[in-house]
Structure formats: C-alpha cells, structure tokens
Amino acid sequence: MLTASLLRAVIASICVVSSMAQKVTQAQTEISVVEKEDVTLDCVYETRDTTYYLFWYKQPPSGELVFLIRRNSFDEQNEISGRYSWNFQKSTSSFNFTITASQVVDSAVYFCALSE
C-alpha cells in the first residue's frame, strides 16, 4: 500500500518486433521515491531502421493504458510538459522520461515502446 510520502514506479518494456531486429530495454524494474523528489526512467533501444517512433505510456492502478508521448526518430528535440520531460538522444539510443516533484498520483507502471 502506498503512503502519501512514497511513490513507486514499476518499469516494464514493450518491444514491437518487425522483420528487422528491434529491442527496448528498461533496466530499472521498480523505483521507490519520496514524494516531491524527481525521478528519471531510463529507456535504451536498438534498431536498424532509420525511421522509427518511440513512445512512453503509463498504466495507473486503475488499469487503463495512458499515452504520454510519441517521438519521431528524425525529431531529436527534447520536450517538457508540466512536471514531465523527455530526453531523446539518438547518439546513445536513449529516450529517458523524468517526473519532476513526484506525487502519489504518479504511481504507475511505465512503458517505453519502439515501432517502425
């Protein structure tokens, strides 16, 4: 059970497989942080495709899958939306997600995904 001072983020990964090898890795399996702390969720990917899309989703305890962002491989701009920010680094094949000033409402399973 979560208390008001504890946020738990469970990390999972999704890999959309095509005829070319693709892989998404989220090494962190579970993260616990104190409320109001910042937390960064790491996502590293591998693909041979030159054009691809990266996604972040979250699934809160209520069960619905919530779309957060889609990033095109040709658009390496970072993005900030409220307390959420995404850092896309094509050179290191990473697409990390940061929650600033975490809140109990942020408790969820977070998914990073890759698609052609």
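For all residues, glycine too, the Cβ spot is worked out from N, Cα and C.
Per Swiss-Prot, the features are as follows:
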DISULFID  C43-C112  disulfide bond
DOMAIN    22-116  domain 'Ig-like'
CARBOHYD  N96  N-linked glycosylation site
SIGNAL    1-21  signal peptide
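Features recorded in Swiss-Prot, as mapped to the structure shown.
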{"residue": "C43", "record": "disulfide bond", "Cβ neighbours (10 Å)": "27"}
{"residue": "N96", "record": "N-linked glycosylation site", "Cβ neighbours (10 Å)": "18"}
{"residue": "C112", "record": "disulfide bond", "Cβ neighbours (10 Å)": "26"}
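The average pLDDT computed over the domain 'Ig-like' (22-116) stands at 91. Residue counts for the domain 'Ig-like' (22-116) under DSSP (helix as H, G, I; strand as E, B; rest coil) come to 6 helix, 53 strand, 36 coil. Between the CA atoms of C43 (disulfide bond) and N96 (N-linked glycosylation site) there is a gap of 5 Å.
Separating the Cα atoms of N96 (N-linked glycosylation site) and C112 (disulfide bond) is a whole-number distance of 9 Å.
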